Amino acid sequence: MLKIGVLASGRGSNLQSIIDSIEAGELQAEIKVVISDKEGAKALDRAAKYGIANKYINPKAYESKENFEQAMIDVLKKYGVELVVMAGFMRILSPYFVRYYRNRVMNIHPSLLPSFTGLHAQKQALDYGVKLAGCTVHFADEGMDTGPIILQAAVPVKDDDTEETLAKRILVEEHRIYPEAIRLFSEGRVEVKDGKVKIKNRE
Ligand code: GAR
């Protein structure tokens, strides 16, 4: 069974969707540990509720980003994590971490990448006036919200949307495609070649 480690900074609704998929028997995987860079993050409470090991690692307690990331790697290794899942983890990983887990770190971002990277992606989409928005699951590389795209889902943008209403519509899709991407990975069906993902035996 695929051993997952989740990195999360906030409320953890994507973490919840992964937990729910596992509980429903749709995803054959085990969340071994949830790590947060924010003390008291709701994601940590969610993990605790399901008896999942959870750990706050304070970035400020380390003198460099590499040292902080090494502390995360040490925990991930301790739990035998095979796939790192960033679920609302609001930090850019250094090349050191990304190389360590090359094509084994997934991220979800609330835009149709490569558009609207970084913070407030939904507001960026509204400000631009795009008619389709959405979300992307991708392998993390050295950039910010970049790396081989695994799955995407689009939603319409409505004329009267606010950042909140659009974010909510996108979130429904996030909760659908993140567990799906992990399932494909767990089945060994996610192939990366020349920086692009191919899904084997796609229905
Ligand atoms: C999600 O919308 C996720 O796509 C976004 O943060 C939210 C976390 O929600 N991530 C990013 O913007 C990463 N660049 P959650 O904590 O409820 O899963």
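In case you wondered, yes, glycine gets a Cβ from its N, Cα and C as well.
Binding of (6R)-10-formyltetrahydrofolate is attributed by TrEMBL to M90, R91, I92, L93, N107, and the same site annotation extends, among K55, K60, K65, to K65. Close to R91 ((6R)-10-formyltetrahydrofolate binding site) in the fold, though at least 6 residues off in sequence, lie S9, D37, P59, each with a CB less than 8 Å from its CB. If you take the CA of N107 ((6R)-10-formyltetrahydrofolate binding site) and look 10 A around it, the recorded positions you hit from G12, S13, D145 are D145.
The Cα atom of N14 (N(1)-(5-phospho-beta-D-ribosyl)glycinamide binding site) lies nearest to that of H109, taking the recorded positions K65, I92, L93, H109, D145 as the candidates. The predicted model assigns the domain 'Formyl transferase N-terminal' (3-182) a mean pLDDT of 97. In three-state terms derived from DSSP, L93 ((6R)-10-formyltetrahydrofolate binding site) belongs to neither a helical nor a strand segment and is classed as coil.
A 10 Å radius around the C-alpha of D145 (site 'Raises pKa of active site His') takes in these recorded positions out of S13, K65, I92, H109, in sequence order: I92, H109.
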